[in-house]
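The block underneath contains the structure these notes are about, expressed in C-alpha cells.
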Amino acid sequence: MIPRRVAARLSNSTSTPATTTLVRPFASTAWPQKSPALSDIRPDNAQDFGTKQQDFRTNLVELQRKKKEQERQSAQSQSASQAAKSSSSSITDYLDAEGMGSLSLSAGEAQRKQEQNPGRKKGPLSSLIYGTEEGREMDRDIERSFSQVLARGKYVHSIVFHEVKPNKVDEYVELVGSWYPRMANMPENKVHLVGSWRTEVGDCDTFVHIWEYQRYTGYHASLNSIQNHPEFAEFDKKLKKLIKSKKTSLMQEFRFWPTSPPRKLGGIFELRSYTLHPGNLLEWETHWQKGLAARREVMEGVGAWFVQIGDLNVVHHLWQFADLEERRANREQSWSVPGWGETVHRTVPLIQTMKSKIMMPMPWSPIG
C-alpha cells in the first residue's frame with residue numbers, strides 16, 4: 001500500500017472524487033455537539049458505501065502507479081556517483097514503501113547468506129516446526145519475521161481509550177473536536193491523527209483515538225510540543241472533569257498491513273482486540289500475513305497493530321463496514337475464500353481473550 005505521506009502529497013495534484021480525497025480533512029470550525037450513533041446509519045447505506053470503497057481503492061492504485069513512475073524517472077536522471085552515494089537511503093525507502101519497515105542492510109545480508117545455505121540449521125525454531133514442506137516454509141517465514149522485526153519501523157502509533165461520563169458526552173465531543181484537529185494540523189507537533197471513534201456496542205461511551213508518530217523520537221517531540229502549548233493546561237483541566245479513566249498503549253503496525261490513508265467511506269467500524277499467549281506474536285503474524293489476502297477480498301481493513309508498551313501481547317485489528325448486516329454477510333463469505341479457514345484454525349489456539357467494539361467515526365476523524 002502507498003505510504004500515507006505520499007498519498008496525501010500526490011492527492012493535492014490529482015483530480016479525485018470528493019468522497020475519496022486523501023488529504024487529512026482538518027478544519028478550525030466547531031463540530032456539532034451531537035455525537036455520531038448507530039441510529040445515523042441508513043438501511044440502504046451498503047450501496048453508497050460500496051461505491052465510495054471502490055473509488056478509494058481505484059484512487060490508491062493510481063497514486064501508486066504515479067509514485068512508481070516518478071521513482072523510475074528520478075532513477076534514470078541520477079548519475080552513477082549519485083546513485084552510489086544514495087544507495088543505502090534508497091534501499092531503506094524501498095523497503096518502507098514495500099511495507100517491510102526499517103530492515104537493516106546487515107539483516108538483509110544475513111538473510112541472503114541463509115538462502116545460499118539452505119541445508120544449514122537455522123536455530124531453535126527448526127526443532128519445533130519440521131517434517132512437511134509446509135512446516136519448513138512456516139519455519140522460514142517465522143525466522144524472516146525475526147530479522148524484519150515484525151513491524152514497519154518508520155511509524156509508532158498510540159491508541160488512547162477515554163471512558164467518558166455518560167452525562168458529559170456532548171461536552172467531551174465539543175472539547176476534543178475543537179482541540180485534536182488543531183493539534184494534528186500543526187506541523188511543529190510532528191503527529192498525525194489516524195482517527196477518532198465512539199463505541200456504540202461494547203464499552204459504551206468509550207472513545208478511541210489512534211495517533212501516528214515518526215518513530216519514538218517523533219512521539220517524544222510531539223508530547224513536548226503539545227504539552228507546552230499555551231492552551232494545553234486549560235484543555236487538560238476540562239478533559240479530566242469529563243472522563244472516568246484514560247488508557248494509552250504504544251503500538252507498531254504489522255509490516256504486511258500498513259495503516260490506511262485518510263478516507264471517507266461512511267458506515268461503521270469494528271475494533272477487534274486479541275490478547276495472545278506470551279511468545280506467540282511471531283506465529284500470529286506469519287498466519288495473518290497469509291490470511292489477510294483472503295479477508296481483503298470481502299472486507300475493508302483499516303490497519304493492524306501490536307502493542308509494544310502498555311497492554312503487552314495485545315493485537316488490534318480495525319475493520320470498516322457499511323452496516324452491521326454487511327458485516328455479518330462479509331464475515332460469512334470469508335469462509336468461502338481459500339486460505340481463511342486455515343488462518344482461523346492456526347490462530348485460535350494462540351489467543352487468550354478477545355474483545356470486539358462496534359464504533360462510529362467522529363466528524364473530525366480523517367478515517368471515517
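Note: Cβ is positioned from N, Cα and C throughout, glycine not excepted.
TrEMBL: automatically predicted annotations, no manual curation.
The compositional bias 'Polar residues' annotation in TrEMBL covers 10-22.
Under the heading compositional bias 'Low complexity', TrEMBL lists 73-90.
If you look up TrEMBL, you'll see 163-256 (among others) marked as domain 'NIPSNAP'. Confidence in the domain 'NIPSNAP' (163-256), given as mean pLDDT, stands at 95.
Annotation comment: TrEMBL describes 269-366 (among others) as domain 'NIPSNAP'. Taken through DSSP, the domain 'NIPSNAP' (269-366) splits into 37 helix, 37 strand, 24 coil.
Here TrEMBL flags 1-53 (among others) as region 'Disordered'.
The annotation region 'Disordered' is assigned in TrEMBL to 66-91 (among others).
The region 'Disordered' annotation in TrEMBL covers 107-127 (among others).
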